[in-house]
Amino acid sequence: MGTLANESFNIELQQLDAANDTARKQRTQWLLTSPNPPSFCHELINTVKKIVLPHGKTKKQSRNGAFFSFLKGLFPILSWGRNYKGTKFKYDIMAGLTLASLCIPQSIGYANLAKLDPQYGLYTSAVPPLIYAVMGSSREIAIGPVAVVSLLLSAMVPKIVDPAVDHIAYRNLVFTVTFFTGAFQAVFGLFRLGFLVDFLSHAAIVGFMGGAAIIIGLQQLKGLLGITHFTTKTDVVSVLEAVYKSLHNEPWFPLNFVLGCSFLIFILITRFIGKRNKKMFWLPAIAPLLSVVLSTLIVYLTKADQHGVKIVKHFKGGINPSSLHQLQFNSPHIGELAKIGLICAIVALTEAIAVGRSFASIKGYHLDGNKEMVAMGCMNLVGSLTSCYTATGSFSRTAVNFSAGCETVVSNIVMAITVLISLELLTKLLYYTPLAILASIILSALPGLIDISEACHIWKVDKTDFIICIAAFFGVLFGSVEIGLLIAVGISFGKIVLGTIRPSVELQGRLPGTDTFCDITQFPVATETPGILIIRVNNASLCFANANFIRGRILSTVTNGSEEHTKEKIRVLVLDMSNVMSVDTSGIVALEELHRELVSRGIQLAIANLRWKVINKLKAAKFLDKLGKGWIFLTVGDAVDACLNTKMTDLSTINC
């Protein structure tokens, strides 16, 4: 009876093995007979269609419907504007007026930082917000000039034309740079090139912003101390040297410093009160405007300008004049201007999209980065034609806009209209505004740019990212804005390239009681299968840059694996390609060389988890025929089971 039972059990076991073998071969056939992936031309055509018609087009849609859908995608105001109600306008007008009270003095200060006349800062706070309100998709972002972009312009454009020598030529070059900035931003959005902004990593932005904040603060010493002659360089050594020489070689009027520091303390106190009491959000918002009004009255009543206090003096009012004829497309420095425009475009987009997405996540909606790029590009293109310089989203003003309870971008429209009214009616009143107050307003906005806690967090999480952060910081601080950016981007690229050309390979084992295979270094409990070595390639691409390196690492692992990890000779190497998304001809040649080397050592190569494009190229290169289709498997588990079923006696008998 026992013999019959054992024979019956063996027959059932053989039937089960046969069924498993049939199922395994069927799964491999699914992999081998998968359809070819789309051709390069087909993918290119689909990409163009998505660019031209991002929402697609159905048969039911008429031409007018498709055109209107395109317009709604380009001008989001057509979608939400139809449902706009008076209850929302009540909050938007309050937020817009609060925003204007902060925007007006800040814009004058940032224009001064950009080495432009004060009215250009107000121009930049009037036209671009109106364009963005029609085309932008963020409800909270506040548009206008910002400190970092102003610093970029004042650091790079003077290398072409010194504003102290030819202020008109300098202004015209700034308008031209703004045009290029808008053009690049619009192109990025239209062709869905938003990934270009990501070349400035988070760590690089933190370091760059911190260094830029310190440089901006040092630049304000000119207004805070009432210095007449100042350096055009931005590095900390040159700025401090210029301050030292000016204080020793020129008469110094302490009233500028006293006036500026007094109102700086006042602004910081109001900000502290606003943070402690959320209902007092309006106090820090109006503090800069209140500082301008009070300081202007003090200077006017006490005749302080006659005692050394530097004032704004002439302030041209009126609506934005056209600047179309001032664009310098025939300039011999057109290439340099385009380069500056590209840098400004990336930095401005990075700041704006980061700000917009931060507040969008709080409100629970998604912000389309490509639409934002198109909106930013169009507003800067129009701005360059209407006497504006580069505008973007401001974090400080957006925070005020959000705290003031804005519902839509109508708050930007209210702010822009208020600025335009101020340009028409109030500019003459700002004649006696002290430059020290403008410096103090800019200084009060800088602490938000220096994020020490985030730098510490980066150090704890990723030391390489911290090196990028510090390199950007010191590059800006002791070199220049361009050097800081180039160092940060260069190290970031180096990190990516190093990870690509020197990827890791990991030895895998099976977790007990499961069909899961994982890294035996991470999971020491995982066990290897005697006679079978499983290696996974940890890189998305097997290409010319890393193919020989990966082949060498695999052969080295085979040698070490046979000595350290297995008690018997390795008969099969299972190569897990689950992470490899693409392969080129160099990668295929490396696989062929690996196969020949393994055969010379008496080891059979098996490949599992081949991705769609990879297996298509291996079939086209006839590599699967050289390897044998019986050694291609859908999963690592299938490969191991197939090898075990052969009992390692005759590996050449496995066929699909």
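Along the chain as shown, residues are numbered 1 onward.
Backbone N, Cα and C define each Cβ position, glycine as well.
Annotated features in TrEMBL:
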TRANSMEM  141-161  transmembrane segment
TRANSMEM  173-193  transmembrane segment
TRANSMEM  199-218  transmembrane segment
TRANSMEM  253-274  transmembrane segment
TRANSMEM  280-301  transmembrane segment
TRANSMEM  340-362  transmembrane segment
TRANSMEM  404-423  transmembrane segment
TRANSMEM  429-446  transmembrane segment
TRANSMEM  466-493  transmembrane segment
DOMAIN    539-643  domain 'STAS'
For this session: Quick one: find which recorded stretch in 141-161, 199-218, 404-423, 429-446 has the most Cβ pairs under 8 Å with the transmembrane segment (340-362).
Result: 141-161
Seminar exercise, completed: Sequence-distant residues near the transmembrane segment (253-274) by C-beta distance (under 8 Å, 6 or more away from its ends) are 223-226, 280-285, 287-288, 291, 294-295, 298-299, 304, 307-310, 434-437, 439-441, 443-444
Problem set entry | Leading contact stretch, 173-193, 280-301, 404-423, 429-446, 466-493 vs the transmembrane segment (199-218) - CB distance under 8 Å | 466-493
Seminar exercise, completed: The recorded stretch from 173-193, 280-301, 404-423, 466-493 sharing the largest number of CB pairs under 8 A with the transmembrane segment (429-446) is 280-301
Exercise. Who are the chain neighbours of the transmembrane segment (404-423) in space, where the CB to CB distance is under 8 Å and they lie at least 6 residues beyond its ends?
Worked result: 77, 80, 84, 88-89, 91-100, 103-104, 107, 119, 122-123, 125-127, 129-130, 132-133, 136, 138-143, 281-282, 285, 317-320
Exercise. Looking only at residues six or more beyond either end of the transmembrane segment (173-193), which have a C-beta under 8 A from one in the stretch?
Worked result: 47, 50-51, 114, 116, 153, 157, 160-161, 323, 326-329, 331, 333-334, 337-338, 340-342, 344-346, 348-349, 370-385, 387-390
Problem set entry | Number of helical, extended and coil residues in the domain 'STAS' (539-643), per DSSP | 59 helix, 16 strand, 30 coil
Exercise. On the 0 to 100 scale, where does the mean pLDDT of the domain 'STAS' (539-643) fall?
Worked result: 87
